[in-house]
Amino acid sequence: MKLLSYILAYRQLLLVVFSVLVLLPLPLVLHAKEAECAYVLFVVAIFWITEALPLSVTALLPGLMFPMFGIMRSTHAASAYFKDFHLLLIGVICLATSIEKWNLHKRIALRMVMMVGVNPARLTLGFMSSTALLSMWLSNTSTTAMVMPIVEAVAQQIIRAEAEAEATQMTYCNESANRVLEVDETVIGQETSKKKEKTKPKYSNDTEKVSSKMDMEKNSVTGAKYRSKKDHMMCKLMCLSIAYSSTIGGLTTTTGTSTNLIFTEHFNTRYPDCDCLNFGSWFLFSFPIAIILLLLSWIWLQWLFLGFNFKELFKCGKTKTVKEKACAEVIKQEYKKLGPMRYQEIVTLILFIIMALLWFSRDPGFVSGWSELFSENPGFVTDSTVALIVGLLFFIIPAKTLTKTTPTGEIVAFGYSPLITWKEFQSFMPWDIAILVGGGFALADGCEVSGLSKWIGNKLSPLGSLPVWLIILISSLMVTSLTEVASNPATITILFPILAPLSEAIRVNPLHILLPSTLCTSFAFLLPVANPPNAIVFSYGHLKVIDMVKAGLGVNILGVAVVMLGMFTWIEPMFDLNTYPSWAPAIVNDTMP
């Protein structure tokens with residue numbers, strides 16, 4: 001028993017040693033660069049999936065192991081750890097830092113909810129819409145962390161308001177009954193008075209039965225937090241709607257999630273002649289997917305927890321219930337606390353709009369963009385250029401004047417504070433993600449240089465006999481399953497070097513397989529540990545794991561179905577997916593020695 005406790009205590013160390021030693025015969029026996037690269041790939045994949053080491057620490061292993069195996073020079077491996085992606089990430093984090101510092105994100109969220117209305121179903125849709133909108137520009141984690149306290153306040157206020165309303169209604173009923181009995185006593189006299197004595201205990205007993213029944217339901221079904229099971233279901237619905245909408249919103253932009261950024265950088269590195277993926281084109285194909293999935297998820301969650309009544313939802317001019325009035329009051333008070341829009345918020349909003357417009361108009365595809373101004377050096381100006389230009393402005397534009405009082409009592413200015421400081425930027429910058437992505441780039445370069453990518457492509461070429469839709473479905477389901485137990489960035493980093501050669505081997509447009517797989521990487525809806533937004537909402541104590549599994553399974557299925565629908569409708573003509581492109585290389589049959 002003591003030995004078992006030591007094994008459990010040192011399980012991570014044992015897993016690291018065991019993985020390294022068990023897989024060691026692969027490079028020792030085969031003596032091929034492909035086998036040595038496969039060894040590194042397997043070790044890194046195991047560590048990423050099991051998190052035996054921190055993800056960013058594991059990401060450093062390719063920089064260590066590739067030079068030792070003679071696959072890449074150390075300088076070549078190190079150069080993969082900082083690319084165009086990292087410049088884009090820095091610019092986006094500058095924007096996110098300013099938005100959160102000056103509370104612009106909270107103002108946007110509350111304003112959108114106020115516009116939608118306070119009907120429970122509409123309120124949920126309002127929270128989901130505002131969360132998805134914010135998640136397009138901020139990280140899913142920070143968006144969820146910001147919105148959840150507001151949602152929790154609204155939910156608790158609803159419960160309190162309904163309790164007060166019911167207590168008031170019960171008091172009114174008691175007073176009415178007493179008045180009736182007094183009138184009867186005056187008119188009828190003594191005989192009726194006796195009847196009243198018999199009737200009164202019966203009324204009291206009924207009240208006690210109702211009260212005890214309510215208490216029993218409260219204690220046995222939902223505990224002390226909730227008045228009824230319906231209140232508990234409402235809290236579950238609101239929590240899951242925030243977690244899922246933050247993930248769905250991140251699908252719509254290349255900067256929305258780290259997986260989108262990782263994929264676009266991998267794709268542009270592997271296929272430099274393809275100038276088809278940029279901020280604008282990504283938004284055009286992914287926005288309809290996000291809208292459809294958001295609406296379907298809203299309907300699914302609403303039906304699963306509270307039931308869905310279309311007639312009630314779209315009924316206009318109806319008097320607001322106590323619950324709806326409570327919601328409106330909480331949201332209104334939260335918005336009032338923000339006060340009038342400040343100068344810093346206005347400047348941040350203007351820079352935010354400028355960044356979005358520059359991204360969209362750089363190379364929209366259907367018309368010439370402003371990148372034509374740099375036509376002498378095509379491809380030199382990218383989305384990261386825009387992000388850096390706007391990002392630097394946050395360190396330049398003054399936010400407030402710094403003053404000091406002189407010995408004579410005079411207040412004088414001695415400097416100014418910019419919109420964000422370097423210290424604030426550092427606290428927001430996800431350096432672990434930056435290193436993780438760099439490790440993924442190094443791993444992909446190693447697979448390419450060693451020839452492992454070609455070898456994998458050749459071995460997977462028999463899959464070309466299957467219909468394309470079935471290959472896409474299989475890869476999407478495989479990715480969706482893996483991302484539930486592995487981090488999203490690790491999943492796309494592991495699978496890109498496999499799926500890209502597969503599409504080349506079967507001569508299918510790489511985008512046909514890679515785009516749906518990338519989108520499905522974000523579909524980690526099942527478990528609390530699947531992604532940070534799930535963990536945040538789970539920490540509020542309203543949910544059980546089985547609740548997330550039931551709700552998440554439905555959203556996963558809806559997500560894969562909507563992605564498949566998009567791939568064979570509006571996305572197919574956008575990228576001409578039915579033809580094998582000239583920018584994708586043809587696979588030459590090679591075999592591992």
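Each Cβ is built from the backbone N, Cα and C atoms, and glycine gets one as well.
Sequence annotations record features per position, and here TrEMBL assigns transmembrane segment to 42-69 (among others).
Proximity of distant same-chain residues to the transmembrane segment (81-99), defined by a Cβ-Cβ separation under 8 Å and at least 6 residues beyond the stretch ends, is recorded for 63, 105, 137-139, 142, 255, 261-262, 264-265, 268-269, 344, 348, 351-352, 355, 382-384, 386-392, 394-395, 419-420, 424-425, 428-430, 433-435, 437-439, 441-442. Positions annotated as transmembrane segment by TrEMBL: 81-99 (among others).
Residues or ranges marked as transmembrane segment in TrEMBL: 237-263 (among others).
If you look up TrEMBL, you'll see 283-305 (among others) marked as transmembrane segment.
Summarising the annotation, TrEMBL assigns transmembrane segment to 343-360 (among others). Long-range neighbours of the transmembrane segment (343-360) within the same chain, counting only residues 6 or more positions beyond its ends whose Cβ lies under 8 Å from a Cβ of the stretch, are 91, 95, 98-99, 102-104, 107, 137, 278-280, 283, 370, 383, 386-387, 389-390, 393-394, 397, 399-400, 419.
Per TrEMBL, transmembrane segment is recorded for 380-397 (among others). Sequence-distant contacts of the transmembrane segment (380-397) (same chain, at least 6 residues past either end, Cβ-Cβ under 8 Å): 84-85, 87-88, 90-95, 97-98, 254-255, 278-279, 347-348, 351, 354-355, 358-359, 362, 371, 374, 418-422.
As annotated by TrEMBL, transmembrane segment applies to 551-571 (among others). Among residues of the same chain six or more beyond the transmembrane segment (551-571), those with a C-beta under 8 A of the stretch's C-beta atoms are 240, 244, 285, 288-289, 292-293, 296-297, 300-301, 304-305, 469, 472-473, 476-477, 480, 512, 515-516, 519-520, 523, 525-527, 530, 577.
When Cβ-Cβ distances below 8 Å are used as the criterion, the transmembrane segment (42-69) is approached by residues 12, 15-16, 19-20, 23, 26-27, 33, 36, 77-78, 80-81, 431-433, 435-440, 442-443, 446, 482, 485-487, 489-490, 493-494 of the same chain, each at least six residues removed from its ends.
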